[in-house]
Each structure stands twice: as C-alpha cells, then as structure tokens.
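*Asks:* For reference, the structure I am asking about is given below.
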Amino acid sequence: MGDYDEDTAFLGQTGPYFWVTFFLLNTVFVSTGFNGLYIIFAGATPKHHCLIPDVNLTEEWRNAIIPITEVDGEEFRSQCSRYKLDIVKNLSSEGYVPGRDVNLTNLQQEACLDGWSYSTEIYQSTIVTEWNLVCDNQWKVPFASSSLFVGYLFGSLISGQLSDRFGRKKVVFMSLAAQCLSVLLQSFSQSWKMFCIIFLFVGASQISIYISAFVLGTEVLSKTMRVLFTTLGAFLFYCIGYMTLPWIAFGIRDWRTLLAVLSATSVVYIPLWWFISESPRWLVTQGRVVEAEAIVRDAARRNKVAAPPVIFKESEIQEIPAGRKYTMLDIIKFKNIRCITLMCLLLWMSINIGYFGLSLNTSNLSGNPFMNCFLSAISEVPAYIVSTLVLRVCPRRILLSVFLFLGGGVLLLIQFIPETVQQVALALEMTGKFGFTMAFSIVYIYTAELYPTVLRNVGMGVCSSAARIGSITAPYIIYLGTYDKVLPYILMGSLTISSSIVNLFLPETLHRDLPETVEQMQECQGPCRRATKRKCIQNGATHNALSQCEAKSEVETLNL
C-alpha cells in the first residue's frame, strides 16, 4: 500500500472530523477506568470478628469472648478466633466475671465456628462478607484480583488477531458489549469460583477495548492528533474513569448493585456506533478501497475540504513484498536483543507491580478508602500531562530511571513514618503513584523506540506479557501486608530501585531514527557489548559506524 498519510494529507491535521473522533474514542477509555478497578471496593475487607450466636451469656462475657491481640503496639479484637463457647457459657451461668474471677489468657480458644460479624460502617456488603473470605480463606481475595489480570493476558493475545480479521470498530463495540454482559453476570455470582471465572472475561473484554480503540485512534487520526491521542488522550480519559469510580462506590455500598450500575454505563456507548468510523487504513489492506474512500470523503466533507477524484490509486494497492519473517525466537538468537529484552522485561514487570500494587492497596490505607482511591487516581493526571511535555525534550533513559527511583524511594521511606502522622504516609504513597504513572507512560514509547521495525510488534508483545505477569503478582504482594504492613512497600520499593539501575544499561533513543533492521538497532551498555565492540575496534570501525558493525558482526555469527 502507498503512504496513507500522503494520500489523505488534503484532510489537514485538525478539523471537526478529527476532533469528534478524538473525543468519542477517548470516552471509551473512561469505561476501562472504573470497570478495571472496582475490585478495590467489591473486594474490600471490613472490620470483623467471630460471630457470637444468640445464647445465654452475660453482657460482660459477650464483650470478653473475643480475645484481644496486640499488633504494632495497638490492641485489636481477634478476627479469627474466640474463646471456646462451651467454656464461656458455663462460666457465665455460674456467675463468674471475666478479668476479675477468671484469667482470660488461660482459656482455650477456637476458630469462628459460627461465622463472622462484619462492620457495616463503610460497606454494606462485599464479596468478602458474602462468602467469608477472611482468615483461612483470605487468599481468595488476591486470587480474584489476579483472575482479572489473567483475563488481561488472554485478551491482549487475541484482541489483535480479532481486530485484524474483523476490523477495529467491530472489535471495540463487541468488546464493550462483552464487558457490559460480563460485569452484569458477575453481579449475580452465586459463589467465589463463579465470580473469578467471570472476572476472566471482564479482564479479556476490557483489555480488548483498550487495545482496539487505541489502534483505531492511531490509524484514523492525523499525525498531529495521533500524538496527542497516544500520549495524553487515552491515558487521561482512563484516569477520568478511575477518578469517577470512588464516587460511584461511595453512593453504592453494596457490591452487587455497584457492579450492576457499572455494567449499565456501557449502554451510553451504543449511539457511538453511528459516529465512529472504521479504520480506512485497515479497509485498504483488506482490499475494500471503495469503503475506505467513502469514509475519507465523509471526513473531507466534515472538515470542509475538497477531496481529489481518486484518493487511493489502484497501483498503490499491492502485496507487501516477501521477506524474512521474524519471530519470538529471534529475540533469543541475537545477543544484543536478548540483553535488551531481559532488561525491558524487568522494567515492565516492576512498573506494573508498583502501579497496580498501589492502586489495589488504597482500600487498606488509613482514612477514608473512597477519598484515598480518588487521590490515588488524581495523582495520575499531572503525571500524564508532565510526561507528554518532557518526552519531547528529555532523554528517555535518564527520565525513566529518575521516576523509577522516585517511585521506589518513597515506598521504602513509608515504613519509617510513625502511625501518628498518616497524612505524611498517604502523601508519600501518592508521590510513589505519581512516579510509577510517569514510568508507565514513558516505558511504552521507550520500548517501541528500542526495537527495530522487523521485531517491534514481537518485542512489545513479549514486554506486554511480562507486564501482565507483574499485574497478576501485584495482589499477592499487597496480600503480604496482612502479615506485615510494611512488607509490600519494601518489596515494591526494592524491585523498583533495582530496575531503575538496570535501566541505565539500555541505549538512549531521543532524537534518533527508529531502527528498521536488526543491524540498525542500538547496542545495550555493559557486558553484552564489550566483546563485540573490541572486535569491531580491532577491525578499524569508526565511532559512527561502531553500532552497525557490532550488530552486523552478531548477525554474521548467527548465520554461520
């Protein structure tokens, strides 16, 4: 196919068609914002203790039957045990007074055989209170969160193939319908297993919406609008949905009603079918030139410009010339690419662990969980705006390391903040969220610039898989906070600091042309480069030709 941007240059860089498409596509990302993180509230664990059945106990024994435990110098009622009910009933009937006549520490304890009593101060019901996901079953909450991210993994693998076959627009709206139906069905879940299985489909449909709408926007919009869409629009509108979630959850404290309402919001996207067009680029690649021209002519009419008689010349529609097909195995074959990929995998995994870890942990912070979630979301807005500006002028490598160090450093500092100044700990956590969000937006463009065109899709796919593994792991790292409150911060902070150091060994890409071939790809800095570099210098390679010499030498070695 010829140059699509040249063929449609007459449309201009802005205009009503582009602005309407920009706005409508971005509104789709709002749904991914509040549907992707409702587990924060649906899976929250209220204060609880063993349920005391309606038996003949004095008021003193009813208050004393729950043991008192000490955590970090503070006393709390035990959440998973009580004094044996039979013993307490006998002592109560005989007139003994707890603490005065009976030393409670000598009494035998038992598990919560009659279930639990949950506080309704914040939540009327959650999946935790519905299916008693506490004590021995508390691992099921992070498992439920991970099932969403497993769905992300499967969705990211199949959505691209579906959109290539059926079209970007159809997949966007099919995924919106699937998300609406999945969330609605999940609100009727009769068991924890059913909730988790449906959560897989919720995750798959959400990531499919995001990827398909993202691709559709990059293909339909002009070059100028495309940059704004990919660097700010999609992320910012996702954040708007994220900020909306806690206010919806604040008004709806029952998890089933919350999910039903969130599901119903997808209905507002139905009219968009008649206002968002299919990708003309994709239509041309499918040989549907007449449909593509009709869409472009409609865009010209809306932008009030004249379209040429023929937009896509028949001579420009041709098969892509046959050449070597690169696969995932090539990432392993080439030493330089293998070295860069391993470092990128660590970056993507640690950033996703930190980002989703902090996002999912907002319900565990001190203070109002709804306000904490809102603050966590709003801290992303300046990050997206700042990253859009600084990426134009600042080196990617240094920039990414700085914000990874910022995100990891403040997480390590949180453990030293006293319990009496929780506002400082919350501020540090929001600063960490800012750092991770900056890193999140930088790593996308940085990774794409590192890989050559022949391996860019493969490389991004491998890194995206690592990101999903990181997000699957994040709920379990937060779960460790049930044993030690600072342990998740230590793990996330240490991993992030380590990745910020590893990132320094990657090559810089600012103001450099995108590599097209393996030979044009830059070398990583460090041990992976030294042997080949020494050989090239011995052969008389100049400084300017050194990078290509190293890559060429590696290719020749493989061919042997």
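Placement of Cβ uses the backbone N, Cα and C atoms for every residue, glycine included.
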*Asks:* Out of 369-391, 438-460, let me know the one TrEMBL marks transmembrane segment.
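*Replies:* From TrEMBL, the annotated transmembrane segment range turns out to be 369-391.
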*Asks:* When you scan the chain for residues with a C-beta under 8 Å from the transmembrane segment (369-391), skipping those not six or more beyond its ends, what do you find?
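*Replies:* Counting only partners 6 or more residues beyond its ends, the transmembrane segment (369-391) has Cβ contacts under 8 Å with 33, 37, 40-41, 44, 122, 231-232, 235-236, 239, 242-243, 245-247, 249-250, 358-359, 362-363, 399, 426, 429-431, 433-434, 437-438, 441-442, 445.
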*Asks:* Would you mind listing the long-range same-chain contacts of the transmembrane segment (228-249), meaning Cβ under 8 Å and 6+ residues beyond its ends?
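*Replies:* Same-chain contacts beyond the flanks: 22, 25-38, 40-41, 210, 213-214, 217-218, 221, 258, 261-262, 369-371, 373-374, 377-378, 380-381, 384-385, 387-388, 391, 441, 445.
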